[in-house]
Amino acid sequence: MATVKFKYKGEEKEVDISKIKKVWRVGKMISFTYDEGGGKTGRGAVSEKDAPKELLQMLEKQKK
């Protein structure tokens, strides 16, 4: 499975694509929420050019 690498509040993070719940576009950034485990939801964003193709595919599916 693919992973998404991003920075959130100055901290480098990496999350598996399978844990991502919701994806949306904000300008040239792709924002998302993901399951952190223990009932917590995390969020992150990555630039469109750095986003893995699986994340972009999820975005297209949610538009429909």
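Cβ coordinates are placed from backbone N, Cα and C, and glycine is handled just like the others.
Swiss-Prot annotations:
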type    : residues : note
MOD_RES : Lys5     : N6-methyllysine
MOD_RES : Lys7     : N6-methyllysine
MOD_RES : Lys61    : N6-methyllysine
MOD_RES : Lys63    : N6-methyllysine
MOD_RES : Lys64    : N6-methyllysine
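Sequence-distant neighbours of Lys7 (N6-methyllysine) (same chain, six or more apart, CB under 8 Å from its CB) are Lys13, listed in sequence order.
Fewest Cβ neighbours within 10 Å among the modified residues Lys5, Lys61: that distinction goes to Lys61.
In the structure as shown, the Cβ atom of Lys63 (N6-methyllysine) sits within 10 Å of 8 other Cβ atoms. Here the Cα atom of Lys63 (N6-methyllysine) is found 23 Å from that of Lys5 (N6-methyllysine). Here the CA atom of Lys5 (N6-methyllysine) lies 21 Å from the CA atom of Lys61 (N6-methyllysine).
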